[in-house]
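Structure, as structure tokens:
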Amino acid sequence: MNKLTSRIDKERLLLGIAAPLLAIVAALLVTALVILATGKSPGAAFSDMVTYGFASDSQVYILNKATTYYLAGVAVAIGFRMNLFNIGVDGQYRLAAFVAAVLGGALTVPGWLAIPLIILAAMVTGALWAAIAGILKVTRGVSEVIATIMLNSIATAIIGYLLQPSQLGQLDKAGTLVSTKPLPESSWFFQIDTGPAGVLWGFIVVAVIVGIGYWFVLGRTRFGFDLRTVGQSETAAAASGVGVKKMIATSMIISGAVAGLIGMPTLLNDSHQFSNDFPAGIGFTGIAIALLGRNNPVGIALGALLWGFLERTTNHLEFQGYDKEILGVIQGVIVLCVVIAYEVVRRYGLKRQQQRVGAELAARAAAPTEMQEVA
Amino acid sequence: MANRDIDITVRAGTVHALCGENGAGKSTLMKILYGMQQPDEGTITIHGEQVVFSTPGDAIARGIGMVHQHFMLADNLTVLENVVLGAEKLHGIGGKARKRIREISDAYGLGVRPDVLVEQLGVADRQRVEILKVLYRGAKTLILDEPTAVLVPQEVDALFDNLRELKAEGLTVIFISHKLGEVLSVADEITVIRRGTTVGTAEPSTTTPKQLAELMVGSELPTPETEESTVTDIALLEVDGLHLAQTDLDGIERVILDEISFTIHKGEVLGIAGVEGNGQSELVEAIMGMRDPDAGTVTLDGADVSHVPTRRRREAGIGYIPEDRHRHGLLLEAPLWENRILGHVTERPNSRRGLLDPKAARTDTERIVADYDVRTPGIDVTAASLSGGNQQKLIVGREMSHSPKLLIAAHPTRGVDVGAQAAIWDYIRAARRDGLAVLLISADLDELIGLSDTLRVMYRGRLVADADPRTITPEELGSAMTGAASGHLEHTEDDAR
């Protein structure tokens with residue numbers, strides 16, 4: 001019995017890895033074809049990506065990027081586990097980063113107090129912004145997809161309005177960049193100087209803590225079990241005693257709170273202010289990464305690293321005379337393949353397990369079956 | 001579940017019954033015969049000609065039609081539209097089709113009216129539409145998958161008359177069921193399947209239901225007789241004046257539960273009979289806290305729980321065997337041990353102080369699997385990979401493991417094989433001896449009569465009749481279920497056949 005269960009488990013693990021691997025291989029193939037079509041050599045491009053991507057300065061760059069992407073992936077994954085599509089992560093983190101930057105610029109308290117306050121402000125902002133969609137969904141039945149997409153636009157408009165020199169923004173000396181008042185140096189997050197390779201953002205520690213928290217809450221607590229139950233079957237969840245509506249609203253709020261963290265590595269470790277060139281669109285990157293990582297905390301980390309790697313290396317390819325659109329092609333194809341591969345592998349796995357269980361039971365019962373005749 | 005070494009010969013112009021436990025492989029066999037699944041080996045021969053079906057279309061072309069257990073009709077279309085849907089090429093969609101439908105309906109005594117909306121039809125009429133749909137497509141062989149599961153006895157008799165009519169016209173019927181009495185009354189030949197293979201054939205005229213059932217499970221089996229009464233006078237569940245109304249899409253208010261009042265005592269099984277859709281599901285959901293009643297009270301063991309959330313009610317000792325286990329009782333894609341936690345996540349051994357205790361939950365799942373004879377290779381397989389009967393045994397085991405005070409059992413043995421059925425009855429009976437109160441809702445009238453201490457009949461949201469299970473017959477209950485009788489049902493000798 002034990003042997004069998006371990007075998008089924010191993011197979012599940014194998015199937016779990018098969019899908020993203022399949023997707024990445026397919027994406028590489030397609031990319032190779034695209035590069036070939038532009039008349040260049042894919043082999044040279046790939047080898048350049050590998051050598052450049054594993055250089056030590058690239059590694060630090062990738063880790064820093066992945067910190068942001070990881071938080072985005074987790075924020076989206078929390079929704080996914082609930083069958084909620086939080087497209088609004090993008091607006092939630094931008095608004096959260098803006099509010100946090102304004103607060104951080106205005107605070108005059110010591111860093112040990114200011115940094116937690118800034119992070120808290122970001123999480124609360126993200127949570128409240130997401131809560132609008134959550135509450136609309138449970139009270140009025142508004143699809144969270146529609147609500148969050150619209151909230152993204154509203155967030156953009158609000159930030160645009162408030163980030164004017166006459167409001168909360170200020171024009172830099174060159175007169176080209178509008179930003180919030182910069183954070184005092186005491187409010188910067190710690191960072192690790194790795195010498196010539198660059199500076200590693202200290203916020204990676206927070207990202208790791210978030211990952212562990214995500215795993216623990218979902219996998220090891222009653223609350224997490226309730227959340228997963230709702231995600232798998234709302235009807236079964238209701239019958240089992242989970243307040244489905246409350247759960248939907250709660251998980252939307254948690255997703256938003258984590259989304260609030262996305263802008264923090266950039267704000268606290270890098271830019272120290274919110275300007276009109278603050279990175280945008282990371283919420284959508286998070287969707288791709290959560291899909292790639294199968295909502296699994298380790299998987300999301302791998303996905304985030306891969307995304308960082310692709311960005312770093314394709315940037316470099318541009319200098320080697322390749323087209324910069326290759327990045328988009330690879331990323332797009334990966335996401336597309338991932339979605340297809342997961343569904344195929346999932347169906348195959350379910351069917352295979354059913355057959356295995358059937359075969360196993362039939363084999364066990366095979367001994368006492370001889371034909372009987374009544375009357 | 002795999003099939004192997006299936007040997008079945010169906011002669012033209014007969015009703016051939018196929019019986020077997022759930023998970024025995026009936027459905028797989030039917031899927032193969034209907035072209036939904038391909039066999040790894042073996043052959044199918046029709047009129048001496050070997051055939052290969054790769055899609056249901058091939059099967060239909062060969063004159064094989066299937067009437068599924070769950071009807072596949074569009075409610076907002078008329079009978080005519082439903083029948084011609086997908087078969088527009090045969091006789092068009094207008095007058096010619098209508099004429100053809102009338103012809104078929106008259107030829108086989110189906111009594112189908114082509115221009116009625118399907119939503120206005122009852123279950124039995126819908127079934128006849130399904131049969132007509134298949135005949136319209138030129139089927140000479142009909143496969144009926146558990147056709148009687150949703151019918152009351154009178155409707156079953158009518159269906160059987162239809163089947164005899166079809167047979168008389170030279171058609172062949174393959175009839176899947178595990179209600180043995182019915183099989184014996186309508187079939188000309190019976191094939192029994194057990195664990196994926198044909199284990200024997202039986203001649204209805206010389207076989208008793210008991211012999212047939214033993215052939216199905218491969219061993220002797222008990223009946224749902226209750227022993228001496230264990231009813232106490234301590235009221236455990238009191239439902240008083242429960243009222244529930246719902247406004248449908250057209251803005252019309254529909255009363256679903258109307259002044260429902262009853263009391264279940266410790267050690268008592270209260271059975272509720274009724275055709276499905278008369279408010280039984282809603283009653284269960286109101287008692288479980290999944291629906292909030294508009295008026296009335298639910299008192300559990302002295303405490304008013306009328307508006308208490310479901311989880312608190314479960315913690316207070318309500319066990320729940322839901323009517324639709326896939327929708328309400330299981331997480332199909334989760335492993336068995338997570339399904340063991342479902343519904344009892346706040347209770348030991350599943351969790352301690354807010355944290356899950358997977359190790360204890362897994363150990364306890366192993367225990368349930370062993371004690372309740374859940375046939376599975378392990379507790380890490382998904383619930384979806386178990387057969388229906390084994391899924392149900394897991395649910396029963398789970399609900400019984402938290403020593404409930406009240407068990408709500410909605411169709412506890414539906415779609416469950418005879419062996420598991422007997423086991424589930426035994427669990428309910430044993431718990432009842434220990435003072436469990438049971439609310440039993442079932443479409444299986446033998447089960448209701450056999451297990452219950454008290455019987456009530458539900459019709460259009462009201463409890464219209466009550467009966468003594470010791471004397472009442474299924475036929476008498478059946479007439480009350482269609483609204484033909486109310487009040488206290490007395491068994492009269494004239495009624496008994």
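Sequential numbering from 1, following the chain as shown.
Note that Cβ sites are derived from N, Cα and C of the backbone, with glycine treated the same way.
According to TrEMBL, the features are:
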TRANSMEM  A:12-38  transmembrane segment
TRANSMEM  A:58-80  transmembrane segment
TRANSMEM  A:92-109  transmembrane segment
TRANSMEM  A:115-136  transmembrane segment
TRANSMEM  A:145-163  transmembrane segment
TRANSMEM  A:198-218  transmembrane segment
TRANSMEM  A:248-268  transmembrane segment
TRANSMEM  A:326-345  transmembrane segment
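Within its own chain, the transmembrane segment (A:115-136) has Cβ neighbours under 8 Å at 86, 88, 91-93, 95-97, 99-100, 103-104, 107, 109, 142, 144, 147-148, 151, 155, 183, 187, 189, 206, 248-261, 263-264, 267-268, counting only residues six or more beyond its boundaries. Only sequence-distant pairs (6 or more apart) were considered; of these, at least three Cβ pairs between the transmembrane segment (A:12-38) and the transmembrane segment (A:326-345) are under 8 A, so the stretches are in contact. In this chain, the transmembrane segment (A:145-163) lies out of contact with the transmembrane segment (A:58-80); the count of Cβ pairs under 8 Å, excluding pairs fewer than 6 apart in sequence, is fewer than 3. Counting Cβ pairs under 8 Å to the transmembrane segment (A:92-109), the stretch among A:145-163, A:198-218, A:248-268 with the most such contacts is A:248-268. Of the two recorded stretches, the transmembrane segment (A:198-218) does not lie close to the transmembrane segment (A:145-163), with fewer than three CB pairs under 8 Å once pairs fewer than 6 apart in sequence are set aside. Through the fold, the transmembrane segment (A:248-268) approaches residues 64, 67-68, 71-72, 74-76, 78-79, 81-82, 84, 86, 88-89, 92-94, 96-97, 100-101, 104, 115, 118-119, 122-131, 133-135, 137-138, 144, 183, 187-189, 201, 203-204, 206-207, 210, 214, 227, 230, 274, 278-279, 282-283, 286 of its own chain, all at least 6 residues removed from its boundaries and within a Cβ separation under 8 Å.
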